[in-house]
Amino acid sequence: MTTVLDLAAPMRSTPAAAGTVARDWTAFAATDASGVCRMEFALEGITCAACMTEIEQALRPLAGVETARVNLSNRRLALAWRPDAISPDTVLARLAALGYPARPFDPALATGGSSAEQRRLLRAIGVAGFAVMNVMLLSISIWSGNVTDITPETRDFFHWVSALIAMPAVAYAGQPFFSSALSALRHGRVNMDVPISLGVLLAVGLSFVSTLTHGTEAYFDSALMLLFFLLTGRFLDENMRRRTAVEAETLAALRADTAIRLGADGSLADVPVSAIRPGERVLVRPGERVPVDGIVLTGASEIDVALVTGETLPEAVAPGAAVHAGTLNISGVLVVRVSAGAADTRLAEIERLLANAAAAKSATMRLADRVARAYAPVVHAVALSTFVGWTLAGTSWTEALVIAIAVLIITCPCALALAVPAVQVVTAGLLFRAGVLLNAGDAIERLAAVDTVVFDKTGTLTLPDADLAGALDPDAVLRAGDLAGASRHPLAAALYRASGIGAPLEDLREVPGCGVETSAGPGRRLGSPAFCGVAEADLAAFRDAHPGASVIAYAEEGRAPVLFAFAQRLRPGAAAVIAALRAEGIAVEILSGDTVAAVARTAADLGLDTFTGAADPAAKIARLAALKAQGRRVLMVGDGLNDAPALAAAHVSMAPASGASLAKVSADAVFLGEGLGAVPESLRLSRAALRAMRQNLAIALVYNLVAVPVAIAGHVTPLIAALAMSGSSLIVTVNALRLRLARRRGAVQGQHSPAGATPPGATEAAA
Amino acid sequence: MSVLVYLVPIALLLGLSGLVAFLWSLRSGQYDDLEGAGWRILDDGDV
C-alpha cells in the first residue's frame, strides 16, 4: 500500500507488468552536500490544522527523517531524509495508513511556494512602509509647525532627515515601477507606470531642491505613501497569480504524471515524466495514461483518444503506431519508444495553430492600459500648459515650474493604478472559492463581455470517464462486479463502480485483447462480446438500442451472456447550466471533434440546435473566427489537446481541471469539480467586477477633476497632496471590497451558489 | 530643541531594527504558510 502503482498487482499474464515498479527516488529529490535528500509531496485529504499536526507527529519519530513540515496553505509536505536510513516509500506508506495519500512533485515542474517576484515585492513593501511611517511623523511636525512657531533650523533639520530616509527608500522600493516604465518607453508605449514613476521622481526631486534652498514645503511623504499603496496592490495581484500557479502544480502532481522507464537491461523504474529522454522506452500498462508522445514498439491495445481528438470511440494501436501523451491505454501492455518534440505531425500542427492564436490574441488591450494610454498624455499636457500659463502671467519660471510639478504630483494616478487591480484581486479570490482558478488577471474583464459560449463536447459537457449506461439484465451488474474489479480496463472499472461491490476477485486469468476469466467455481468471463460467446444478432440489436456506446459482455456457465453498454455521461447539471446561460440571453453552441451523429445526440439532449461535429483544431479556430466576424465575444470551454488552439484563439476561455495540460495552460481559467456551474458563476462575478472597475475609474476621474484645478491654481500644499492621495486610494479599495459583501448576501439568499463547484482539492483528491 | 539631534537618530535606529526584523522573518520563510502558522501556536506537542 505504498503508491497507486501497487494497485497494478492484478495484472498477471504479462511478466513485464507483474508486481510493483520501484520508484527511482534520485530522479525526484535534490540531495545536498551532507547527503540529505529533500523534496516536496502533494498531499490528498488535508482539510484542517489537525491533519497537519497528525502528519508531522507521525513522521518525525521515523528514523532517518530529518524534517517533515506540512504547508497548510498549499497542501504540501516538505520532507528531508537520509537515504541510507529510510526510503521515502516507508514515509508514503505511513501517510497512506493515516489516510493522506501523497504524490511526489515532478522537480522540473515544481517551483516552490512563493516566487522571487513575491519576495522582492514584500521587501520593497517593508522598506517603503518603514520610510513612510518615519517621514510621516516628521511631516506632521512640520505641517503643524508651519502654522505655529517652528524655527527654520528645526524645519531644515527635519527636511534633511526626511530626505535621507526617503531618497534611498524610493530608489529601492520604486524599482518595480521604474523598470516597467523604462521598458514600456523603450518599446514606444505608455503604461500606468510611466506617470507613476514621473510623479514619484519629480516629487522627490522637487522636495530635495526645496530642502537645499531652505523651503517650507516638501513632498517626501506623498511620494513614499504612493509607493507603499501601489506596492501593496501589486503584491496582492502577484499573490493571486501565484496562488493559482501553486494550486495548478498541486493538481498536476495529484494527477500522478509519472512514467515507467524500461531500461536496456529490462529493468523498470518509476520516474518523473521530465526525466524521460527521446529514444528511451517506457512501459504503459492498461488503465494508465500514456506519459509521452512516441511510437509503439511492442504490444497491441486500444487507446482512448478523447483527450486528444474529442472522439469517444477507442482507437486500435499496433507496433509502429504513434501514441500521444495524455491518451488512455485501455486493454494491453505497450512498450513505447519516446519520440522527440515535433516528430508527430498532429501535435506539431496543434502547436503551430496554438502559437498563431496566441500571437493574434496579444492585440487585445487591457482596460487599465487603455485608460493609461489616454490618461498620461492629457496629464502631461495639462502640466505643461500650467507652466506656460503661469510664465506668461508674469510669474518667475522657477515658481511656475514648482506649480507644474505640483500638478504632476497630484495627478499621479495612485487611485487609477489601484482601480483595476484591487477589483481583480477581490474577484479572483471569489472565483477561487467558487472553484475557478484564473491564469490571467485580465480574464475577468474579458469574461464580463461574453455573449456566446462555445462548449467542446467530450470531457467538457460530458464527464471524462465513461459510465454504465445500460445492461440487458440489471442483476448481472452485481454478479459481474467482483470480476470487473480485478481488471484494469476502464470499462470494467466503470462496471465495478456501478456494482458497488467491495472486494475484487483475486484469482483470475487475463486473456490479452479479450478480457478476464476465472476458473474457480462456475466458469465466468468478462470481456469482448465474442470472448463471452454473444450471438451476432443479439449484439447488433443491443448496439442499436445504445447508439454510440462501448459494449462489453459477461458470461457465466449455465446462464445466457449479458451485455453492458457504457457511454459518456453529461456532467451533472449541464442542462440546467445551459438553460441558465440561455435565459441570460447568451448564445450557446457545441463545437466538437467527435462524429456529427454523436454531437447531434448530445445537442438534442441539451436542447441545443447549433452544433458542429467532426471539427479538427483548424476547423474549431475557423468557427471561432466566424463568430468573431459576427461581432460575438466568445467564451470557449474545452478540455482536449485538440481544443488548445481554440482556447487560445477565443476571446476568453476556460478548461476543466480534468483536461489535457496543454488545454489548461492555453485557457484563461481552469475550473474544478464535476459540474459546469463554474461557467455561469464566473460570468456573473466578472460582470459585477467590471461594474466595480468602471465605478473605480470614475471615482479616480472625479478626484482628478476636483484636485487638478486646485493644483493649477497653485494652492496645493504637501498636506493636501497627502490627504487627496490616500483618500482616493482608500475609496477605490473599499469599493472593490464591496464585491465581497455582495457575494455574501447572494450566498445567504442561496441564489447564486455554484452548482457542482467545490473548493479546491475536494474533488481532485478523488480523481 | 537640541535634544532632537540625538532623539531623532535613536528613533530612526529603532525603526530600522524593526525593518531588519521584518526582512529577516521574510528570509527565514515565515510568510510561506500563513494559514498553517496561525494553528501551530495552538499546538502544544510540537516542542
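Every residue gets a Cβ built from N, Cα and C, even glycine.
Feature annotation from TrEMBL assigns domain 'HMA' to A:37-103.
Look at TrEMBL and you will find A:124-145 (among others) tagged as transmembrane segment.
Among the features that TrEMBL reports, transmembrane segment is placed at A:157-178 (among others).
The transmembrane segment annotation in TrEMBL covers A:190-212 (among others).
The feature transmembrane segment is assigned by TrEMBL to A:218-236 (among others).
Taken from TrEMBL, the feature transmembrane segment applies to A:374-394 (among others).
Residues or ranges marked as transmembrane segment in TrEMBL: A:400-423 (among others).
Through the fold, the transmembrane segment (A:696-713) approaches residues 367, 371, 382, 386, 389, 403, 406-407, 409-411, 413, 415-416, 418-420, 422-423, 720, 724, 727-728, 731-732, 735-736 of its own chain, all at least 6 residues removed from its boundaries and within a Cβ separation under 8 Å. As annotated by TrEMBL, transmembrane segment applies to A:696-713 (among others).
Note on the transmembrane segment (A:719-737): residues 136, 139, 143, 219, 221-222, 225-226, 229, 406, 409-410, 412, 414-415, 418-419, 422-423, 425-426, 692, 695-696, 699-700, 703, 707, 710 of its chain, located 6 or more positions outside it, place their CB under 8 angstroms from a CB of the stretch. For A:719-737 (among others), the entry in TrEMBL reads transmembrane segment.
As annotated by TrEMBL, region 'Disordered' applies to A:748-767.
Residues or ranges marked as compositional bias 'Low complexity' by TrEMBL: A:754-767.
Panel annotation: around the transmembrane segment (A:157-178), residues 120-121, 124-125, 127-128, 130-131, 134-135, 138-139, 141-142, 193, 196-197, 200-201, 204, 207-208, 210-211, 215, 218, 220-221, 223-224, 227-228, 230-231, 234 of the same chain, lying at least six beyond its termini, place a Cβ under 8 Å from a Cβ of the stretch. Residues 154-155, 158-159, 161-162, 165-166, 169-170, 172-173, 175-176, 218, 220-221, 224-225, 227-228, 231-232, 235, 718-719, 722 of the same chain, all 6+ positions outside the transmembrane segment (A:124-145), place their C-beta atoms under 8 angstroms from a C-beta of that stretch. The helix, strand and coil residue counts that DSSP assigns across the domain 'HMA' (A:37-103) are 22 helix, 22 strand, 23 coil.
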